[in-house]
Amino acid sequence: MAVQLLSLPRPGESLAEMSVSPGLAVAWGLFIGVSFVASFFFLRVPPAASRDDPTVIMARIKAVSASIVISLVLTYLLLNYLGVEDPAALMGFRWTGLGLALVLPIPLFMCFFLGSFVLAYFELELPGQMYFNFSRDVVAPLSEPSGWRNWIFAPFAEELAFRSCIFPLMFLSGFRSPWIHLLVSLYFGVAHLNHLRDIRARNIAAKHPRPTVAALVVVLVQLVYTSIFGTLAAYIYYRTGHILAAIMSHVVCNVMGFPSFGQIQNHPKQAWLIWASFALGIGIFCLLLGPLTDPVLFGNGVFFHLA
């Protein structure tokens, strides 16, 4: 089956003919991003409280949830006003291919983290090995507010805000790959700059000699890391037409976390194999990314012509 990119729409006409101002799309992305971050500051919690404090976590979840619901409703209404026939589908809410959207991102991103699995094997941290404990490594994180936030709430919240609410306007404005994925991921990455205050506060509490500089370094690394994975999530959302596919990709990335490269020095004889597995995993991921996100598999007639 042939796949072609949809042509652009015009207000009041079909999706295949509509066009939206790039300025409106960029402004809408800024509005959604600012609303998302601003929700963190409308909280009745002590300024010095840790972001991992259960009280802070629950307060932020409530604030962000309200912000996302408002953003989703406003995005839907705006798309409807612009003449989009099915705003929900353009925002990634569809039934066709939903099962695949739930499942396929998991093995895809497990390939990406092949190096992390090999490293965990040598660290004896895989299931069935000496240092793996199901209660500690799985049950405990999911039963704690910080783990539930990182593994469940954050992927849903961030994908709904930065994919469902921003991507549709970018698409209708004429932005195309790779620019649309890069722009959406930058909104996503910059939104993580709100961590600067929390990291700086922790550094001060730990009596770090240069708390602000150290916090800036950490946040800049996070910006690069989140922007890269934000680009991948945007691409997967675009190819599949499912917000759930982006969410599941995000969940796997958050569960795996940033690779513990420092642990490689614990295994000097196996270091070459570990590094090779990282490279191999990324290579396999790149090879499978296209086939496993084929628009035909997901019936993605939202962003593509399926003929």
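Note that Cβ sites are derived from N, Cα and C of the backbone, with glycine treated the same way.
The feature domain 'CAAX prenyl protease 2/Lysostaphin resistance protein A-like' is assigned by TrEMBL to 148-256. The feature transmembrane segment is assigned by TrEMBL to 20-43, 63-83, 95-122, 177-193, 213-237, 243-261, 273-292.
Highest Cβ pair count under 8 Å relative to the transmembrane segment (63-83), across stretches 20-43, 95-122, 243-261, 273-292: 20-43. For the transmembrane segment (243-261), the partner stretch with the highest count of Cβ pairs under 8 angstroms, out of 95-122, 213-237, 273-292, is 95-122.
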